[in-house]
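Just below is one structure, and these are the notes that go with it.
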Amino acid sequence: MSSRAEEFPDISATMLQDVLSSLSPSTSPMTPPASSCSINESYKYIFLPICYSFTFIFSITLNSIILYRSFRQAKRWNASLIYMVNLASTDFMYGLSLPFLVASYIMRDRWVFGDFMCRLVRFLFYFNLYCSIFFLTCISVHRYLGICHPIKVITLETKRAVKNTCVLVWIVVFALTCPIFRFAQTSYVTRMNCWDDAIDKEFLDYIPYGIILHLIGFFLPFFIIAWCYSRVVLTIFKTLNGLLRGVEKDEEISVFLGARSPTIITITLLFALCFFPFHVTRTIFLLLKVTGKVPCETMTTVSMCYKVTRPLASFNAWLNALLYFLTKDKVGAHCCPAGRTKSPQVMKCFSLFSAPVWPETSALISLTASFPPSLTCEKITLKNT
């Protein structure tokens with residue numbers, strides 16, 4: 001009996017060792033290589049809650065004001081205001097998801113809200129992030145068309161077309177971000193965590209999706225926005241240097257035009273500063289994490305940059321609204337006579353065309369048209385459908 005009893009512990013120990021070795025990350029083909037590098041992330045338990053709390057307060061407050069004022073004037077919506085309402089809605093919803101992240105970081109990455117809320121909060125972060133980027137892209141294209149091709153935007157970009165575009169954006173972004181519901185989940189390590197990307201055994205499956213998400217969700221819209229605003233700035237300078245040479249310059253018009261270029265540049269830079277660092281550092285972080293052959297110092301630096309730029313991307317949720325208030329123009333459309341000729345009277349009409357980056361923010365374009373002698377400048381208006 002004693003000899004048999006002595007054999008059982010050896011058999012049990014051998015079986016246990018085999019099971020553990022089969023589950024080891026180093027031998028599992030679905031798990032990224034293990035790393036002995038221990039990254040100190042104590043900084044994020046102070047930095048991230050402060051940043052997200054700040055974003056939550058300003059995002060909810062400013063976007064609530066925009067939505068309240070917009071819905072009070074729902075009958076007067078134009079194309080640009082429709083885009084802005086959708087943008088403010090996504091930023092507002094994004095703000096609602098932040099208290100859960102703040103609470104989790106305050107508890108040092110402990111997640112107490114359940115698996116479904118983990119998936120929902122992570123989904124809302126990326127869904128509203130890319131909705132915001134896509135609507136900013138739509139607004140940029142709208143401004144480009146309004147300034148560079150004003151006649152086309154009047155005939156083609158109707159309210160119905162803009163509404164259909166907004167619906168398409170919601171559908172595309174939902175399809176682009178819905179896999180996050182699969183990858184984001186809770187897992188117990190030393191405590192219950194809510195994983196942002198994917199758990200270790202699914203990380204290799206997540207990498208291709210994460211790269212595609214960055215390419216379609218950020219880099220493509222970023223190049224579209226940069227191209228649109230470069231054309232807008234070029235058109236404005238051509239207007240100043242060319243079309244106004246033969247016309248007596250209106251001081252108000254010159255000041256208005258001169259003020260628009262810094263605004264456009266500021267908006268483009270803010271977009272780049274908010275979203276570009278986050279997506280670049282996150283892409284590098286994902287690629288380095290899956291390789292496993294990275295010096296500990298490099299991985300620590302990249303991880304810290306990624307975690308620091310993450311709340312920077314969230315700042316766009318209230319910067320959109322802030323820029324709306326700061327760049328809002330209250331100057332009405334007006335026309336300036338360029339001189340009188342034979343009937344019908346030919347005039348240079350400088351119209352403050354409503355093709356804004358932010359609703360009610362106007363940009364100057366130049367149109368040459370023929371008007372009957374009885375029509376005065378004050379009666380000439382160019383409406384945006």
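Glycine is treated like the rest: Cβ placed from N, Cα and C.
All TrEMBL annotations are machine predictions without curation.
Keep in mind it's a predicted model, so treat the numbers as computed, not measured.
Residues annotated as transmembrane segment in TrEMBL: 45-68, 80-103, 123-145, 166-186, 206-229, 264-288. TrEMBL lists 62-324 with the feature domain 'G-protein coupled receptors family 1 profile'.
Of the ranges 45-68, 80-103, 123-145, 206-229, 264-288, the one with the most Cβ pairs under 8 Å to the transmembrane segment (166-186) is 123-145. Within the chain, the transmembrane segment (123-145) has long-range Cβ neighbours (under 8 A, six or more residues past its boundaries) at 79-80, 83-84, 86-87, 90-91, 93-94, 96-97, 101, 152-153, 157, 162, 165-166, 169-170, 172-174, 176-178, 180-181, 184, 213, 217-218, 221, 224-225, 228-229, 231-232, 271, 275, 313-314, 316-317, 320, 355-358, 363. Over the domain 'G-protein coupled receptors family 1 profile' (62-324), the average per-residue pLDDT in this prediction is 83.
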